[in-house]
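According to Swiss-Prot, the protein has these features:
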{"type": "BINDING", "residues": "Gln87, Gly105, Glu106, Gly107, Lys108, Thr109, Asp494", "note": "ATP binding site"}
{"type": "COMPBIAS", "residues": "874-888", "note": "compositional bias 'Low complexity'"}
{"type": "COMPBIAS", "residues": "943-955", "note": "compositional bias 'Basic residues'"}
{"type": "REGION", "residues": "861-955", "note": "region 'Disordered'"}
Amino acid sequence: MPSLSLSKLLRVGEGRMVKRLKHIADHVSSLSPEVEDLTDEQLRAKTEEFRARYRDGETLDELLPEAFAVAREASWRVIDQRHFHVQIMGGAALHFGNIAEMKTGEGKTLTCVLPAYLNAIAGDGVHVVTVNDYLAKRDSEWMGRVHRFLGLDTSVILSGMSPAERRAAYAADITYGTNNEFGFDYLRDNMTHSLDDLVQRGHSFAVVDEVDSILIDEARTPLIISGPADASSKWYAEFARIAPLLKRDVHYEVDIRKRTIGVHEAGVELVEDQLGIDNLYEAANSPLVSYLNNAIKAKELYTKDKDYIVREGEVIIVDEFTGRVLVGRRYNEGMHQAIEAKEKVEIKAENQTLATITLQNYFRLYDKLSGMTGTAETEAAELHQIYNLGVIPIPTNRPMVRVDNGDLIYKTEEAKFDAVVDDVVERHEKGQPVLIGTTSVERSEYLSKQFTKRGVAHNVLNAKFHEQEAQIIAEAGRSGAVTVATNMAGRGTDVVLGGNPDIIADIALRKQGLDPVHTPDDYEAAWDDVLDQVKAEVKADADKVREAGGLYVLGTERHESRRIDNQLRGRSGRQGDPGESRFYLSLGDELMRRFNGAALESIMTRLNLPDDVPIEAKMVSKAIKSAQTQVEQQNFEIRKNVLKYDEVMNQQRTVIYNERRQILEGKDMEGQVEKMITDVVTAYVDGATAEGYVEDWDLEQLWTALKTLYPVGVDYKELVGDGDGETNDITADELRETLLTDAHDAYARREAEIDGVAGAGSMRELERRVLLSVLDRKWREHLYEMDYLKEGIGLRAMAQRDPLVEYQREGFDMFGGMLEGLKEESVGFLFNLQVEAAAPQAAQAPGVSVTAASAAATAAASPAPAAPRPLPTQEAAQQAQGTAAPSALRAKGLDDGEPRGLTYSGPAEDGNAQLSRRGAAESDDAADAGTRRQRREAARSQSKGKKAPRTKRKR
C-alpha cells in the first residue's frame, strides 16, 4: 500500500485547490438570478450559444461558470433538484481532471451533470462510466432528462446491444456505460474488418463513478475477448468423477487465503490408479494436471449459491461483492468447465484469447479523466502514480451525525446470526428501518428464513431478486422496514428516510405506461403532480423514522476492503439525517479465518465465554484492520504486477492497433506491400548468402523457397554460370538487387492481372483484406505465446534472473519474429491467391473475391530464410481469405470478417473474480475445447462477452 507520508505529500496543495473550487462555486451561484429569469426556450438556446463561442475560440474553462449555472437551473426545472454549493465544487473538480471525493449520499450523480454538460459542448463525446448496467441505464434516463431538456443527446451502452445500437450510442453527446463495456468496445473496434463497423469515436473525456472500485479494485483483472478454441477434450467430466474420491489434507492441501491448492503424492497416485496411467507428469499426460487442479478448485474454492448458482442447467456466476448474477459471464482457463462438470450440467467450450487490455491502460487512452467516490483518500498515491489523478476532498453539505458502534464478535456464526435477528426484531418493533448487509446469497436467504419464523416482514435484495431492486430500495427507509441486501456497496442508491419519493414516483408513472425515454413529453407533464403527492405521503413517515433513530445499518461480516465497509455504513446518515451502524462478526467469517482468527479464538477460549456472549474490544478492531490492510496490500501488489507485465503487451498492442487502423483506412497500401516484398526477399537472400562465396551458397534451395513465395522470373544458373563448372563473380548485394527487381516486377504484373479480372483498384482491396486477415491471425498466435511465456516466466527467478526483465526481452524477440512472419505470409498470399470477379448480386466494392490457388502455390515460407519452408497450405489460405465471391477476407476463427462465438472476460465489481460473458452470436452447441497446450500445438501445426431513476439527490 502507498505509505501515509507519500499520500500526504501528494495531497499538498489540496487546500488551495479547494479554495479555488469554492470561488468557482460562488461565481456560479452569483449567476443564478440571471439564469432563473430565462424562459425554457432561452435556457435551451444557451447550449448552441456555448457551442458557437467554443468554435470561435473560447475555452471550456472560460465557459464553465455560465454552463454550470445553466445546467444547474435545468436540473431544478426538470427533476426538481438544484445543485448545492458543494456539488458545484465537485463538478468543477471533475472538469479539471481530478477525483472528487464526496461522501455517500452527497449527490455524485447529480454533480456529474455539470462537467458532462460543459464538456459535451466541445462535441467530442463524454463517457460516464458506472459499475453496472443497472446504474448506467438508470442514470442515463434520469440525468438524461436534464441533458435532453438542454438539447443534448444522451445514450447508454448495455451488454447485449448490437453494433449498430452501440454506434448510435457513441454518437450521442453523452454516453453512459460500464467500464467493461467501454473497454470491450475498444477491443472489438480493433478486431473489425471495416471502418463502417467501428463504434467508438475517440476517447476525449470520461467521468468514472465509484472511481475507486473501477480504477483500483477492478484494475487487477484485465479485459479479455476470447473465442472458441480449435482443439477439444472430454476430461472435465472424468476429473469431476475423481475429485470427490480425493480427501483434503490427505491427497491435497488448500490455501484459502491465496485461493490455491496443492496435490500431494498420495493424490497423484490415486489419480494415476483411476486413470490407469503410470506417470501423471510425463509429457504425454501433463495436460491432465490442469484438469486435476481445476477439479479440486471447483470442489474446494467454488461454492454453490455463494460463488455461483445453477439455473436451468447453466452455471451462472454470482458476484459475491454485489450479490448480482452475471448471466453469460464465465471463468477462464477451464475453471468454468470444471464447475459445470462438478454440477453435472452441459459443458461449454473453452476459449482462446483474441484481444486483451487492462483497465489501467484503457483509461489512460482518455485525453482527460476524472472520477467520483466517497472513499479515495487511502488510494491517493496509487491514483496519482498510475492515472495522474489528484484526489480533492469535497466538504459535506451538512454535518454527519451517524453513530458508528463498535464491532461485536461471537465465537460461532450461528450465535452471531441469532444475535442479529434479536437486534433486528427489537428495532423493527420500535419502528426503526433496518438495512442488513450480507456477503452471499446463502446468508441472505438464511436470515430471511429466520425473520419469517419470527414474523418480521422484510424484503430481500440479492442475485435472485434484483429485478425488484428499485422498489425494495425505495421502501427501505420507511418506518419499520427490514431489508436484507446481499451487498449494498456500489449500487449507487440512497435509502431515503420515509421512502424515496423520486423512485416511488417513477414506479407509479411507469405503471401508467409512461417512460422518460419513450414517452418523454407525457412523463414530464405528469411528473410534478405525482412527485408532490408522493412527497406528502413520505414526509410524515420520515419524521417518525427520525424519532426512532434513523436508518440502522447492520453488517453481518467485514469485507476485504475497509472502503466497502464504509460504503455500507454510508447508506445511513445521509444529508445530516440521524443514523446508526454496527457490524456483527464471528470467528467463522472468511476474513477472520484468513487472518488472525486463531489468536482471537484462543483468547475467547481462555476467557471461557459462552458462544452467545460477544466481545467488543479495541483488540478486535485492530485485528480486523490488520487483516483488511493485509488484503489491501496483496491486491495492490497484484495490480502493480498486472500493470508491469501489461506494459510489455501494451507497447506491442499499440503498434499492432495503429498498423491495423492504417490498413483499415487504406493508407499507402501499395507502399506497405512493396516494403514487405523488399524485407522478405532481402531476408531470404541474406540467409542464403551469409557465409562463404558464391560457390558455397545453396542457390538451388534459395530458388526453391522463393518460388513458393512468388513466380521467380530469373534462373540462378544464368546468374552464376552456364553450367560448365565455372561460376561468375556475383556478390550478395548484386544477387539481392536482381531478385528484388524481379519480385517487384512480378508484383506489378500481379496487380495488372488482378485489376484486369476484378476491376481497377481491386489490388488495393485485396491487399487490405489479406493484411488484416494475416495480422489478426498472427496477433492471436502471438497472444497465445505471450500468455504461455508469462505462465512459466516466474521460474526464471530460480536461476537468479528477474522474471519481468526476461519477459520483456523474450516478448520483444517474439514480437519481432511475429512481425517478420506477418510480412512473409502476407506476401505469399498476395502472390498466390486466386481472384475472381464477385457475383453482381453480392458485389462488394471494388468487386474482389478470393479463392485459394493450388496447394503448391499457396504454401508458406519459414521465417528463417536459410532454411525455407513451404508457404501456407491451401487450408490456411482459405482460413485467411474467405471462400466465396461475396465473402470478405477473414482470418482463422472469424466468419465473413466478423468474430463469432466470443466471450468477454473482465473484472467483477469487487475486481476479485475473472468473469466472462458469452457473445450473442455464439452457437449453443456444447463442445469441449482443448487444453492450452493442445491449442498451442494446433496453432503451430497450422502455421504455425430501464430501471428507476436515481434516487433524489437534493442535498
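Sequential numbering from 1, following the chain as shown.
Each residue, glycine too, has its Cβ placed from N, Cα and C.
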DSSP on Gly105 (ATP binding site), three-state: which is it?
coil
Look at each of the binding-site residues, Gln87, Thr109, and point out the one with the fewest other Cβ atoms around it within 10 Å.
Thr109
Test of understanding: give the count of other CB atoms lying within 10 angstroms of the CB of Glu106 (ATP binding site).
27
So for Asp494 (ATP binding site), how many other CB atoms are inside 10 Å of its CB?
25
Where the record names Gln87, Gly105, Glu106, Gly107, Lys108, Thr109, Asp494 as binding ATP, the maximum Cα to Cα distance in Å:
16
